[in-house]
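First up is the structure itself, then whatever we jot down about it.
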């Protein structure tokens with residue numbers, strides 16, 4: 001049977017990568033749409049006395065989905081580590097699809113009152129619950145089918161697939177801006193991309209049904225029960241904590257340059273919606289290019305060199321470039337600054353994903369990776385739009401989101417030093433055998 005055949009043949013490698021990353025595409029497609037259409041969603045579901053209050057409520061609901069990620073990481077991650085990568089990834093896709101359908105179909109506040117924002121919140125919670133293990137499950141799968149010496153390159157396609165989703169979503173949004181008027185988009189047009197997302201769910205189910213189990217999982221003789229999984233996670237809390245800080249840099253930068261960029265460009269820098277979409281498309285293409293490069297370079301010179309080099313560069317340059325952007329904001333400056341941040345994200349994340357799979361205990365690799373990633377996304381990435389909006393409002397400084405990006409870079413630098421010191425001293429290897 002297909003599900004018991006190890007996914008190791010060269011001929012099937014590309015197909016395996018495509019099938020396993022298809023769910024990543026859907027997840028990021030929906031998340032980007034929520035960020036880009038935040039102002040329209042705010043008016044539809046969260047009417048308030050001021051645009052700022054309405055937008056903050058929307059971003060709070062957006063962030064709530066990330067708070068469910070750690071729960072999904074633990075529950076679904078333990079399930080995947082116990083029963084297999086293939087079956088677990090099918091379950092996450094089903095839950096994600098339910099959340100997507102709910103957001104696309106729920107009527108507005110004017111039609112059903114408080115039930116509208118409540119249902120949107122439920123949809124985001126379902127998406128967050130499934131997404132809590134989606135990245136981890138995909139990353140672990142890719143790391144386990146990778147050929148020797150190419151783990152960084154293979155795992156980089158987890159994030160690269162998300163960039164395709166960003167470009168596709170931005171292209172759809174750009175097309176709608178050209179063909180529909182502002183009023184039409186505000187009233188009903190913003191739902192069209194969400195319906196498109198619903199339409200591709202059956203295709204992704206077909207792709208994932210033919211996914212083969214990894215040889216590494218099939219060869220495991222021991223299948224830990226839930227108690228063993230939780231005990232191992234508790235024993236390795238230091239690795240989980242360091243992993244969370246390691247992910248902070250990538251998740252904060254990513255959600256700033258993709259999800260928050262359209263809102264930042266329109267409401268803070270006063271650029272047009274079309275300009276913001278074009279910049280976002282360019283960022284998606286740039287991310288797609290730099291991610292596999294970062295992963296491949298880390299395979300050659302080591303994860304630590306890439307991670308520390310990029311975090312130091314981010315700490316040195318983030319504030320000056322944000323000041324330069326906001327001094328005279330225009331399309332060219334915004335493009336250059338975000339492409340610079342895209343370089344940070346792609347290179348760092350390309351190395352980081354492989355590093356995180358390598359330091360996690362083998363029997364809880366999915367739940368450990370997913371928990372660290374989910375905590376970082378909930379604390380840092382998911383709250384980036386709300387924190388950035390609040391910083392600009394409270395300080396009156398349009399470049400103030402740069403401080404948040406620098407904070408995340410500092411976390412990444414500290415985590416890299418912490419993990420690789422422990423790795424060099426043999427602590428992590430010993431813990432992984434426990």
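Glycine is no exception: its Cβ is also placed from the backbone N, Cα and C atoms.
These come from Swiss-Prot:
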- 1-21: topological domain 'Cytoplasmic' (TOPO_DOM)
- 22-42: transmembrane segment (TRANSMEM)
- 43-54: topological domain 'Periplasmic' (TOPO_DOM)
- 55-75: transmembrane segment (TRANSMEM)
- 76-87: topological domain 'Cytoplasmic' (TOPO_DOM)
- 88-108: transmembrane segment (TRANSMEM)
- 112-132: transmembrane segment (TRANSMEM)
- 133-164: topological domain 'Cytoplasmic' (TOPO_DOM)
- 165-185: transmembrane segment (TRANSMEM)
- 187-207: transmembrane segment (TRANSMEM)
- 208-238: topological domain 'Cytoplasmic' (TOPO_DOM)
- 239-259: transmembrane segment (TRANSMEM)
- 260-276: topological domain 'Periplasmic' (TOPO_DOM)
- 277-297: transmembrane segment (TRANSMEM)
- 298-304: topological domain 'Cytoplasmic' (TOPO_DOM)
- 305-325: transmembrane segment (TRANSMEM)
- 326-335: topological domain 'Periplasmic' (TOPO_DOM)
- 336-356: transmembrane segment (TRANSMEM)
- 357-366: topological domain 'Cytoplasmic' (TOPO_DOM)
- 367-387: transmembrane segment (TRANSMEM)
- 388-400: topological domain 'Periplasmic' (TOPO_DOM)
- 401-421: transmembrane segment (TRANSMEM)
- 422-434: topological domain 'Cytoplasmic' (TOPO_DOM)
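When the topological domain 'Periplasmic' (388-400) is classified with DSSP, helix, strand and coil residues number 8 helix, 0 strand, 5 coil. Mean per-residue pLDDT, taken over the topological domain 'Cytoplasmic' (357-366), amounts to 79. For the transmembrane segment (112-132), the list of distant contacts is 27, 30-31, 34, 41, 44-46, 57, 61-62, 64-77, 92-93, 95-96, 98-103, 106, 370, 374: same-chain residues at least six beyond its ends, Cβ to Cβ under 8 Å.
Counting residues 6+ beyond its ends, the transmembrane segment (55-75) has Cβ neighbours under 8 Å at 34-35, 38-39, 41-42, 45-46, 48, 92, 117, 120-121, 124-125, 127-133, 136, 230, 233, 259, 263, 267, 367, 370-371, 373-375, 377-378, 381-383, 385-386, 389-390 in the same chain.
With pairs at least 6 apart in sequence, the transmembrane segment (336-356) and the transmembrane segment (277-297) have 3 or more Cβ pairs within the 8 Å limit; the two touch. Proximity of distant same-chain residues to the topological domain 'Periplasmic' (260-276), defined by a Cβ-Cβ separation under 8 Å and at least 6 residues beyond the stretch ends, is recorded for 35-36, 38-39, 55, 174, 177-178, 283, 325-326, 329-331, 334, 338, 384-385, 388-389, 392, 398, 401.
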